[in-house]
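Undergrad: One structure coming up, written as structure tokens, with questions to follow.
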Amino acid sequence: MEEDDVTIREQNFHSQVREYIICFLLFAVLYIVSYCIITRYKRKTDDQEDEDAIVNRISLYLCTFTLAMSGGAVLLLPFSIISNEILLSFPKNYYIQWLNGSLIHGLWNLVSLFSNLCLFVLMPFAYFFLESEGFAGSKKGIKSRVLETFVMLFLLGLLILGIVWVASALIDNDAASMESLYDLWEFYLPYLYSCISLMGGLLLLMCTPVGLSRMFTVMGQLLVKPTILEDLDEQIYCVTLQEEALQRRLNGSTSHSHSQGSAHRLNKELDIVRDQRNKLERRKKASAWEKNLLYPIVMLILLTGTTISVLLVALNILYLLVDETAMPKGSEDRGLGNTSLSTFGLVQAVVDIILMFYLMVSSVVGFYSLRVFEGLTPRKDDTTMTTIIGCCVSILVLSSALPVMSRTLGITRFDLLGDFGRFNWLGNFYIVLSYNLLFAVVTTLCLVRKFTSAVREELLKALGLDKLQLSNSPTDPESGKLSANGHQKTL
């Protein structure tokens, strides 16, 4: 009997060690990828080992850790879904015994824990540490800046806890809820994270429809469009003449000592024209299959993915109205590989995973397309640490809400695990139904607006209202594009 107990303890010990090693390896890969991404956009600084360099390096490591947690949150549902299907297909395979429910639940709990840590501790610390200078009258140095940062964190924590306490008291003013607020770990932090999750879900609801329509423009800028009834040589010739004229004007303004503002404006126009010439030359050098085959296929894939997403949301709305089991909920069952949650098995699981990644990429594209967040757009080798901190926090909020949004919209039927399934608002039928309705309606409107923009422009021109600029927003990237005859539309 004692030997059996020892054997069971050894098995549990080895299982725990194996799970820790797997989690560490996954985190190491995510950390390295995140570090490469951040250093690609971070503004290059001098190699001097001064105080500011040390502070920047510490903030860089914290941002890298946060971005790695964002990647982990994005991969949670896809990894869980594909693990479930693998265990169903190979239930007795010795080489995948490490893939079990304990590992999956552990990953969900770790991502939830460290996402809270990054959101409420590490990122505020990185920002305050970057902006700190030490208290007045104290000796300058790292210790003084660390002390000021901790004081600011303490005051911020008191402010946030007070706001949540007052909000909860106003919403649910009874003795039980008031007493539960004093339980910091079991109620306060999960309640606060539930509020943050709801805000992240609303942010995804605002960004994803915009991103789904914006993806067509982005891919159109990255790929080479087919040349139909266009003379690229004539367009390149016209742009070259325009570039030479701007260069002569710039040389003349420099020799005659004109105002600095005029020279700056000419330089900006010259950069735009050169960029247009490079794009035209790239279109001319592109192969026939790239111009005539790749672009239509990519556009068709984007349209198919968007259509499937909207149809799945519409079906989920019907399920919500007729079946209460369609409501998103958490699961404490550690059994993995018992039943398939996909009607068509592995094929549907792969489609669900592709749609999740597509929605995440679309939400990020939509986030940076909104005017409110345009200032957070990273630029290669020219992004400040403050902007990087803002980007990491935004992406962490979006990625943490992605599993909840995917389950709420019915993209997948995989139940949320760990703390992700304990959010209070997931049990509210009206919130979940309104979320689905808003996503379907707003996405449809954005797509209709996107694909009817050309028709609206022609109608405005026919009515003589095109000079009022009602069709194009000031930030429309297509507003400065060349027309078919090679001349610029703004000329």
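Positions of Cβ are set from backbone N, Cα and C atoms, glycine also.
Model, not experiment: these values are computed from the prediction.
Annotation source TrEMBL lists transmembrane segment at 20-38, 58-82, 102-130, 150-171, 191-212, 293-321, 341-373, 385-405, 425-448.
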Undergrad: How about the transmembrane segment (102-130) with the transmembrane segment (20-38) - do they touch, taking at least 3 C-beta pairs under 8 Å (6 or more apart in sequence) as contact?
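TA: By the criterion, they touch.
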Undergrad: What residues elsewhere in the chain lie close to the transmembrane segment (293-321), defined as a C-beta under 8 angstroms and at least 6 residues from its ends?
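TA: Those are 212, 215-216, 219-220, 223-226, 327, 351, 354-355, 358-359, 409-411, 429, 432-433, 436-437, 439-440, 443-444, 447, in sequence order.
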Undergrad: Any contact between the transmembrane segment (58-82) and the transmembrane segment (341-373), i.e. 3 or more CB pairs below 8 Å with pairs at least 6 residues apart?
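TA: Answer yes: the transmembrane segment (58-82) meets the transmembrane segment (341-373) with 3 or more Cβ pairs below 8 Å.
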Undergrad: Between 20-38, 191-212, 341-373, 385-405, who has the most Cβ pairs under 8 Å to the transmembrane segment (425-448)?
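TA: Stretch with the highest Cβ contact count: 191-212.
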Undergrad: Can you say which of 20-38, 191-212, 341-373 has the most Cβ pairs under 8 Å with the transmembrane segment (385-405)?
TA: 191-212
